[in-house]
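Colleague: Here TrEMBL flags A:25-45, A:69-87, A:99-117, A:153-177, A:203-226, A:238-264, A:270-292, A:299-316, A:328-349, A:370-393, A:405-425, A:446-471 (among others) as transmembrane segment. Per TrEMBL, the feature domain 'NADH:quinone oxidoreductase/Mrp antiporter transmembrane' maps to A:120-418.
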Amino acid sequence: MLSIILLSVSGLANLFLGFLRSNRLLLPAVLLVLAVVFAVNISGIDTTGPLAAWNASPYFNGMLIFDRYAQVFTAVVVLTTLLLLPFSHKYVREGNPNLAEYYSLMLFSLVGAIMMVSYNNLLILFLGIETLSIAMYVLAGSDKNNLRSNEAALKYFLMGSFATGILLFGMALIYGASGTFALDQLGVAARALPTADASLTPMLYIGILLMLIGIGFKISAAPFHFWTPDVYEGAPTIFTGFMSTVVKTAGIAGFFKLLLVAFGDNTMSLWLPTLTAMLVLTLLIGNVGAVAQTNAKRMLAYSSISHAGYLLLALVALRSGNLSSNAIFFYSLAYSVATVAAFAVLKLVHDQRGRDDYEGLNGLARTNPLLSFAMTVAMLSLAGIPLTGGFFGKFYLFAAAAQEGYIGLVIFAVVMSAVGIYYYLRPIIAMYMRSAPEGDNAPVEVGGFQSAVLVLLIAITVLLGVMPGIVEGVLNV
Amino acid sequence: MLTALLLIWPVAAALLLHFVRGNAARALAFGASLVELALAVFMAIQFQVNSQPQFEINYPWLASVGINFHIGIDGLSLLLVLLTAFLVPLILLASFRHDYENPSVFYALVLFMQTGLIGVFVAMDAFVFYFFWEVALIPIYFLAGVWGGERRVQVTLKFFIYTVVGSLLMLAGFVYLYYMTGANGAVRSSDLAAFYNLRLSAAEQSWVFLLVFSAFAVKMPIFPLHSWQPDTYEQSPTPATMLLSGIMLKMGIYGTMRWVLPIVPLGVSQWSWVVMILAVIGIIYGALIAIRQRDMKRLIAFSSLSHVGLMIAGMFSLTAVGLQGTAVQMLAHGVNVVGMFFISDIIERRTGTRQIPELGGLTRATPLLSVTFLVILLGTVALPLTNGFVGEFLLLMGVYQYNPWLGAVAGLTIIFGAVYLLRMFQRVMLGPDSSFSSVIRDLTGAELAVLVPLILMVFWIGLFPGTFLHISEPAVNKLLVLINR
């Protein structure tokens, strides 16, 4: 709860900081707030009992609940933002007049993300999604003079509004069938419904399916992914990084909670086939689509679609008390850290060389060993090669799915990750095995603090890959 | 603790190299690899010859899923750890004549690779094994991809994708086995011992075999999956080629002995005839192509394909002699192939070419080179008293026991090997003089320092194979008990 208050207040305060003549203070102030929120959140984590125990004290008449699940995912999204923001330094240097607004919007959108992982009532879920999304619509178009950025904002906004409408319609139908928005009561009502009032069950089912579509859009699962590549490419890189990490983590964690608490044991046979079909399609489209890209940012967009597919594996395998909640936490942490590193490098290269296709990375290893190494570790982690966190993330997911007997899905996911190797190697090949274009081989400027953050990103990824046990105290299934 | 030290030391040294500039890096790397060799020898002295894994370490790694960081050494592991620790210093020493760009990174990758290789050989848990299996791939990919020849980008990409697809299938197989260990309400575990206790149906074993073996088949490589190999060997810088052919290839054979034969014996018995036939095809195919090669490095690559075919066939005969032959031949092949690649590298550096037709008559100015070349070549040809003879003799006996006809065809390796290897020697070292024959320099001290230990090893294994067979015997017997259970 403290996280939400702190972030909202500092978001507002930040807007006033924008009145100052110099905006040098902004970035340190925001980073400080995020660090404090992270520390507060981590220190409050209750490490006893199972992860997904919904027994912490609720706030606002049971609307919000800050149990360990919420705290853990809050920590992930705050940490991700904390690691991503230092790379927005260029905006500070150029004296962008709207900087304070951008940072405030990011903080607000983070509040939305936290609501999405701590909700205990569908209304809060909806509010969270909207708080997050509206801020993101604006941020996607924040590069006002760039046509691509405008296109991205418009596309994201139009498609997003439709998805929100569908989501809301689903909630309304669910409410109509069950008479409640509260998550735990929803579970009870859904279980009782077929015997109590069978004529209302179709309404509940349709409601659930519409909600699947709405959330599927937010996490860019196929076949609701069409906006992703264009929006990712057009939006400024920092916000693309934010979208593909925080938005996805919050979306999938909220989704997981919804299905586990409300619809885990009663209507599973209904949504499971739909979800499985979404998973297969998402993995296929994400991986195959990424192969064809020549632009690293677009490749990462498709890669983020494919990672939504891997994460759906945990949703398909979700049963209370099994590995799936562990898997979803570890995977989203490893994925977020690696993706932040990848976007950070792309952003720095883009600032200097003005391009974000693979050729823009050519010969980077010679001029910027640290950047190339960070990118390499990120790519290997996303590809799921050992020594990186991504490997254990994938392993957890596959083990969770295998535990529930989905061997066919696991093998399909394995084949898809083999496809992934091909496109994740392409930036590595460009950086290490091709030479820089003529006259464009000046080293990319990286600030000292940014270097330190890059080293931290590498260290986290490798640490997760060598000693995955270090976050097990948090998980403790 | 000693096992952990063996794993940590090369990585620690590799990290240290980061602070060293220029060619001091290779001296430091060489020193580190000598320390590693000393550790391995010390371990071999302490080793008790029995079938039990020793120097074990078993810590929880992923406690929530029952995966332990379990490493240990038995006879088979020890032989391969010794081989790795013996070859890496020689490979480093062999590269002293080259000036690689960014030497500290180059040598750090070689040491890093050593950790991966040793990790594969000491892993006693399926996921530890998989972990190191992939860890070994990353440095070799960069070694070949960054410091390799002109076509390195396509070639290494092909190599990487081939191996990773194989490995991922293996991972799927391991996940299934891991899942099955909990079938009767037992705690799930990916430990080797837990896998040995599995009793799967023949149908399950059949496809688990296909999944897991595909990774090993790519790495060895077995006949239709070999197409990455000659290109990668040719395009890699020589130290990387030596690592690939001398040690990394053995990962596939060792992996099959440890993680396939005893775990899915019914699957093996269903597929062994296919593997046998493919291996024999590989023997003939590799030999026939080797005869036609003009490039020395490619010739050695195809000769290696042919000889590995015999090792696979001997292993899948599932007889005591065949498996013992595989164990000792892994050592012999490692020693010989590294020697062969080194000599081709020496000749290339002196003359600027690897093309056999352009060379000739080198022997007059280079008596030392000719003698060492001939000894290692005869070891590869499997002349009695050399290391190749012991291994290939045992392997052929194994294949013969499996099926006399296959044994007869497999015996062609030795005949064909003699044909193309002796022909290469004749055309490079003897024959009419070429433009190089009067100017070429004989071996230097540093080169002798590499070749003399290799030659000593050729004779040691050839004359006293008992030293090594004795170490692997209890492990092989235990393997046979598990296969025939």
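Keep in mind that glycine also has a Cβ here, set from the backbone N, Cα and C atoms.
Those TrEMBL annotations? Automatic predictions, nothing curated.
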Colleague: Excluding the flanking five residues on each side, which residues at least 6 beyond the ends of the transmembrane segment (A:299-316) place their CB within less than 8 Å of a CB in that stretch?
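Modeller: Long-range Cβ neighbours of the transmembrane segment (A:299-316): 219-222, 225, 228-229, 231-233, 240, 244, 248, 252, 255-256, 259, 272, 275-276, 278-280, 282-283, 285-287, 289-290, 293, 324-325, 327-328, 331-332, 335, 339, 342-343, 346, 382, 394, 397-398, 400-401, 404, 406, 409-410, 413, 416-417, 420, 423-424, 426-427.
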Colleague: Sequence-remote contacts (6 or more beyond its ends) of the transmembrane segment (A:69-87), Cβ cut-off under 8 Å?
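Modeller: Those are 3, 27, 30-31, 34-35, 37-38, 41-42, 44-46, 51-52, 54, 56, 103, 106, 110, 113-114, 117-118, 238, 241-242, 245-246, 249-250, 253, 257, 325, 329, 332-333, 336-337, 340, 343-344, 347-348, 447, 449-450, 453, 456-457, 474-475, in sequence order.
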Colleague: For the transmembrane segment (A:203-226), give me same-chain residues lying six or more residues beyond its boundaries with a C-beta closer than 8 angstroms to one of its C-beta atoms, as numbers and ranges.
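Modeller: Apart from its flanks, the transmembrane segment (A:203-226) reaches 129, 133, 159-160, 162-164, 166-178, 190, 193, 247-248, 251-252, 254-255, 258, 263, 267, 270-271, 274-275, 278-279, 281-282, 284-286, 304-305, 308-309, 311-312.
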Colleague: Same chain, outside the transmembrane segment (A:405-425) by at least 6, Cβ under 8 Å from its Cβ: which residues?
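Modeller: Contacts with the transmembrane segment (A:405-425): 276, 279-280, 283-284, 286-288, 290-291, 293, 299, 302-303, 306, 309-310, 313, 316-317, 379-380, 382-385, 394, 397-398.
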Colleague: Looking at the stretches A:153-177, A:270-292, A:446-471, which one shares the most CB pairs under 8 Å with the transmembrane segment (A:328-349)?
Modeller: A:446-471
